[in-house]
Amino acid sequence: MKDIWKIIKELVKSWPVVRRIAHYNNDQAYRQNYLGDFWHFADPALQIGIMILMFAVRNGEDKGNPHATGLAGYIAWIALGMVTYFFMQSAMQKSAKSIQSQVNMLSRMKFSLAAIPLTEIVTELRRYFVMLGMAFFAILFMDVKPSIYWLQFFYYFIAMFVFLYALSLVTSTITVLVPDFYNAYAAVLRVGMWISGVIIPVDSPSFPLLLSNILKLNPLYYIIEGFRETLLENPIWFWQNVTANLIFWGIVIILLILGAHIHMRFRSRFMDFV
Amino acid sequence: MADKKVTVAANHVTKRFDLAERQSDKVKAVFKFWGKGIPNFWAVKGVSFEAHAGETIGIIGTNGSGKSTLLEMVAGLTQPTSGQMTINGSTSIIAIGAGMRPQLTGRANIRLKALMQGMTEKEIEAKMDDIIEFSELGDFIDQPVKSYSSGMKSKLGFAISVYSDADIVIIDEALSVGDPTFTQKSMERTKRFKEEGKTIFFVSHSAAQMRQMADRVIWMHYGDIRMDGPIDEVMPEYERFLKHFNRLSENERLTYQKRYKEAQKTFTLEHLKQIERNRQMLADPATDLQRQKENQHAFVEDNEKMGWFTRIVLTIFIIATVGLMNKQLLNMSWANVMAHPTHLITNFAPSKLAALDKRHGRNGDDNQRTDMLTATQNSYTVKEGETLASIAANANISVAAIMQANQLTDETVTPGQVLTLPVER
């Protein structure tokens, strides 16, 4: 508890620096390429395009997906899910490695170590917003009308952000202590798209109910599905599914308590481990 | 001196390193339970001193005497194993090539470092030219740092730190790399720091530099402070020691080092406590007991365990979340959970799960689905009044393809006849 409070105070204090570094990182990332920022978006855009082609267009109308009506709906459904998942995947992966790769440099600067994973997440935000803007354009194009439910976007965005940070505290610390963890984590994240309901709906009638329910416990699913329920057709308010909310926030709080504790416990020795 | 503000206060500071052979052993060493057999090395064995604003403190000592470790703790880079290091003010450490990204240009590195230290874009812009000028890098500033020589790196590092405006500046042998002109310039600059009331820590093996800069010297000797005082007192002693040490034969020198290194391995906090107690007893027996109490925490390793409150909260959250997950897995309503809590477990029985699947229309759905797909996609029952040409047009397949797939000889079809429609590619 004390640890969480300490970390929150540090984050608030270093927030301006975090934002500036994130901005700087984005500026630097593709400096030496001719096309610069283009590469930043080309890769995810290509993947989303392929997935739309393979699953939405090829599979046709609404087969196997009870959530989307028509081809247009399916495309919006996939695009929104993939944009969200790509952001979470890269933020999770980079933040997990952040402390290990930067402690040498950053600890010489009196920069709060707890803010390093946050910096990575914030850095990823720019790409996310651009991609989201593209997906949004698709959504509007697909004849979904704006509604009051769209306000929920902020709730899910904050939920996603808090979840990513809590998780990054745990994973970044474990990566420093046990470097093997990162490899396993990255591998899981790469295939995670297929079990998080990004492309294949986890409540497809062809799954046994128990399997569907297990997959639905995944916090990533909660977030992705939340965005879809907010922005696409048949929106519902987030508080209508009480249990799912409680489970999600339960997981977040557990991660936060554990993450803050192990981060604080080991931070003084990060330098010794790297 | 004493009336000035204390900027750094060390109270029985120790630093232990685990001499683990592998990374996994290092992790084990963190946990008392596992870490029994892993050898320790105490790089700093209970050091106490105070530094004031406007002081320049030189740190001398042979290699491996704990100078850098001590300064890293002063800078706040690493935390002491036990004891307290109180730092009032911001710190900046200048070490050779420290904290630069080799693939970035010098200019990008300046910007990044400045950002990390909390400067805004405007401040950086204002200082950028001064930093570049001070670093004497000229056109090389826009080259990646990996192409720099070690002298250039240390110049750049020094230039950045000079403009970082910290209260406590730590120079770890960074001055010994540049050429004499640059060193001279750096020292002039460092002297200005002193006038500005900054505390400067300064490691160097050069006695001349030490004489020029420092007004107080701390002599580190295998993890202890051997002497701490004005430069005129400590330097002659140190030089005498070095002379004596150099006159020893190779063998004697090795034995000497081995003896001290062994002491650094077998050192314990209990030991430090005992020494300190004895010292206090001799100094002032009257206040001994009280002082012991005050200092008690200084000799205990800071091993932060999770507090009881946190543990209880965490346990409650885990139990609650797992319970909720269980409820969710079995699609149970709140009323159902309240009425039959045992169902949370018994409903996992295979028969109950099958019943659940059936209730939600999941059972056998898969087979029906594939039947339906093949029925609609692949076979077609001819209706009244249809010709092969109209079927082909409706299905968007050529007449020839249908004839080939059904091995028809002519284009006549009768109502009720079942045709196989080939899948168009």
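In case you wondered, yes, glycine gets a Cβ from its N, Cα and C as well.
Going by TrEMBL, these are the annotated features:
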- A:35-266: domain 'ABC transmembrane type-2' (DOMAIN)
- A:38-57: transmembrane segment (TRANSMEM)
- A:69-88: transmembrane segment (TRANSMEM)
- A:125-142: transmembrane segment (TRANSMEM)
- A:154-176: transmembrane segment (TRANSMEM)
- A:182-200: transmembrane segment (TRANSMEM)
- A:236-260: transmembrane segment (TRANSMEM)
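The highest tally of CB pairs under 8 A with the transmembrane segment (A:38-57), across A:69-88, A:125-142, A:154-176, A:182-200, A:236-260, is held by A:69-88. Here the transmembrane segment (A:236-260) has long-range neighbours at 1, 3-4, 6-7, 149, 152, 155-156, 159, 162-163, 166-170, 173, 216-217, 219, 222, 226, 229-230, meaning same-chain residues at least 6 beyond its ends whose C-beta is under 8 angstroms from one of its own. Nonlocal intrachain contacts for the transmembrane segment (A:69-88), taken as residues 6+ away from its ends with a CB within less than 8 angstroms of a stretch CB, comprise 44, 47-48, 51-52, 55-57, 59-62, 124-125, 127-128, 131-132, 134-135, 138-139, 141-144, 160, 164, 192-193, 196-199, 220, 223-224, 227-228, 231-233.
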